[in-house]
Amino acid sequence: MEGGPNIQEADDTINSSTAEEGGNSGCYYSCCDPRGRLHRFIALIFMCFLGFGSYFCYDNPAALEGHIEKTLNITTTQYSLLYSMYSWPNVVLCFVGGFLIDRVFGIRLGTNIYSGLTLLGQIIFASGALFDVFWIMIMGRFIFGIGAESLAVAQNNYAVLWFKGKELNMVFGLQLSFARIGSTVNFLVMESIYQWVNKEYKGTELLGIVLFVATSTCLFSMLCALVLGFMDKRAENLLRRHETTNPEVVRFTDVIEFKFTFWLIAVICVSYYVAIFPFIALGEDLFIKKFHMSKQEANTINSLIYLISGVASPLVGLFIDKVGKNILWIVVAISVTIGSHTLWAFTDVNAYVGMVILGLAYACLASSLWPLVSLIIPEYQLGTAYGVCQAIQNLGLAVFTIVAGHIKDTYGYIWLEVFFICTLIVALVFTLVLWLVDMYQRGVLNMTPGNRVAHQERLSSAADAEKQRLLSSEASSSNDNDNLQPSSDFEIRNRYLSRIGAPVSDNTEE
């Protein structure tokens, strides 16, 4: 990954000359030095706004559904293409996007490219509406999806690069908050913007201009990407990351070597989110028929999950940063989510109770699950790993949203809730398996922050001691027997690697 190790690792490599350049105390250090907390949180603001435009524009069609269908004279099936052309390509392309960040572009250039694609896609989408050419709108959503999903991968990489070992859970929670704020603001303002523009324009001109207004959010996010790239380049120079850059290069084949715990996390992600996003898309029928709500009230309660999780996510993430035990909190989040769906399906408890519970549980899961990837996968492979997670999530949502829609149409909302409960039980089972595997491997996924640091120090000390012992053993062995050829550096290195369980190179050339 461009930029090398994270800031925590780089701190140990900075010599006194760097300290003299910026000082280690006072306002300058806090605001302008990359090691200062305030400086990192200034960077965090730009990280959070990286995805604001894409999340705002993603649901532009939903906020303007009636106007789009009427103005363009299209069917609901044609309208649905605006979403399917976003999701299906990203089953593969966001994985490729993550790989390109790791192997080709680096995080800064990759972020700029993907934010540019997001902006370009939204411009094409708005242009298609302006000129009443539906296939251009479809093409715009396709390009928009490629950029937006890969931009989310880049955003995760930036978070790990700047905050790994520090406030990472809180950062992931805050990023989720800004994403949900973008979605919520879209639903709140797009209709008002439409009515305001409607005073001067009509028809496709009206629709196109409204979508171009929405495009400004993508332009804003791209500017944030440029500023963040400048800050990261400056941090790389000041922290001298290039001096400790990992020489290993990611390959496509690395994916099959990802640890079993990573794939468990991917399954947990899909099986949990199936009970969130398809529910939001289809839950209106439940609230209208069972709880006798109006259409407006049903839409209001449906949007609460975004508002609640948006507010709660950074707070929950900060709490998990302090106490650790990520897997425990994943179990709690899934169990509480099962409880909320059970309330809706089998009780007459006020529907708002279940939605508040669901919003808090969703915030807890997102803040505790996603940071685990950075504890399992080496940093130079993180873009690829997050891309794989995004790809699997897109595939699961694309398939199970269709399944959920069929269940609702055929059997009704009660069986739809039973389906969601079943997917959550699957998520819970795989989480318990993850817990057991982590315990068996003496892993760090469910440790407290202090225990993780101590565990890493023990591993480093043991590795250093083993290396010294092997080198000493080889030296004494060669002195004791003059008839034996001394071992090469390559052989010594391979013996050391085999002792600590690392892959041994088969290259015999010196």
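Heads up, residue numbers simply count up from 1 along the chain you see.
Glycine too: its Cβ is placed from the backbone N, Cα and C atoms.
Look at TrEMBL and you will find 470-484 tagged as compositional bias 'Low complexity'.
Sequence annotations record features per position, and here TrEMBL assigns domain 'Major facilitator superfamily (MFS) profile' to 40-441. Computed over the domain 'Major facilitator superfamily (MFS) profile' (40-441), the whole-number mean pLDDT of the model equals 86.
For 1-22 (among others), the entry in TrEMBL reads region 'Disordered'.
Taken from TrEMBL, the feature region 'Disordered' covers 467-490 (among others).
According to TrEMBL, the feature transmembrane segment maps to 41-58 (among others). With a threshold of 8 Å between CB atoms, the same-chain residues lying at least 6 positions outside the transmembrane segment (41-58) that come near it are 31, 86, 111, 115, 118-119, 122, 144, 147-148, 151-152, 154-155, 158-159, 162-163, 171, 174-175, 177-183, 185-186, 214-215, 217-222, 224-225, 227-228, 231-232, 235.
Annotation comment: TrEMBL describes 78-101 (among others) as transmembrane segment.
Annotation source TrEMBL lists transmembrane segment at 113-136 (among others).
Per TrEMBL, transmembrane segment is recorded for 170-189 (among others).
The transmembrane segment annotation in TrEMBL covers 209-231 (among others).
Sequence-distant contacts of the transmembrane segment (260-281), counting only residues of its own chain at least 6 positions beyond either end whose CB sits under 8 Å from a CB of the stretch, comprise 302, 305, 330, 334, 337, 341, 358, 362, 365, 369, 372-373, 376-377, 385, 388-389, 392-393, 395-397, 400-401, 404-405, 420-421, 423-424, 426-427, 430-431, 433-434, 437-438, 441, 443, 445. What TrEMBL records for 260-281 (among others) is transmembrane segment.
Here TrEMBL flags 301-320 (among others) as transmembrane segment.
Below 8 angstroms of C-beta separation, residues 268, 272, 275-276, 279, 286, 290, 320, 353-355, 357-358, 360-362, 364-365, 367-369, 372, 414, 417-418, 420-421, 424-425, 427-428, 431-432, 434-435, 438, 445-446 of the same chain, each at least six residues beyond the ends of the transmembrane segment (327-346), sit close to that stretch. Marked as transmembrane segment by TrEMBL: 327-346 (among others).
The transmembrane segment feature in TrEMBL is assigned to 352-373 (among others). With a cut-off of 8 Å between Cβ atoms, the residues of this chain six or more beyond the transmembrane segment (352-373) that come close are 156, 168-170, 172-173, 176, 261-262, 265, 268-269, 272, 276, 301, 304-309, 312-313, 316-317, 320, 326-327, 329-330, 332-334, 336-337, 339-341, 343-344, 382, 385-386, 389, 445.
Below 8 angstroms of C-beta separation, residues 84, 87-88, 90-99, 101, 149-150, 152-153, 156-157, 255, 258, 262, 265-266, 269-271, 273-274, 277-279, 281-282, 373, 376-377, 415-416, 419-420, 423 of the same chain, each at least six residues beyond the ends of the transmembrane segment (385-407), sit close to that stretch. The transmembrane segment annotation in TrEMBL covers 385-407 (among others).
Positions annotated as transmembrane segment by TrEMBL: 413-437 (among others).
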Distal contacts, the transmembrane segment (170-189) - CB-CB under 8 A, six or more residues away: 44, 47-49, 51-60, 62-63, 155-156, 159, 162-163, 214, 217, 303, 306-307, 309-318, 320-321, 363, 366-367, 370-371
Residue numbers, six or more beyond the limits of the transmembrane segment (413-437), whose CB comes under 8 Å of its CB atoms: 260-261, 264-265, 267-268, 271-272, 274-275, 278-279, 282, 285-286, 289-290, 327-328, 330-331, 334-335, 337-338, 341-342, 344-345, 400, 403-404, 407, 443, 445-446
Surrounding residues of the transmembrane segment (78-101) on its own chain - C-beta under 8 Å, 6+ positions past either end: 1, 58, 61, 65, 68-69, 107, 110, 114, 134, 137-138, 141-142, 144-146, 148-150, 152-154, 157, 250, 252, 383-388, 390-391, 394-395, 397-398
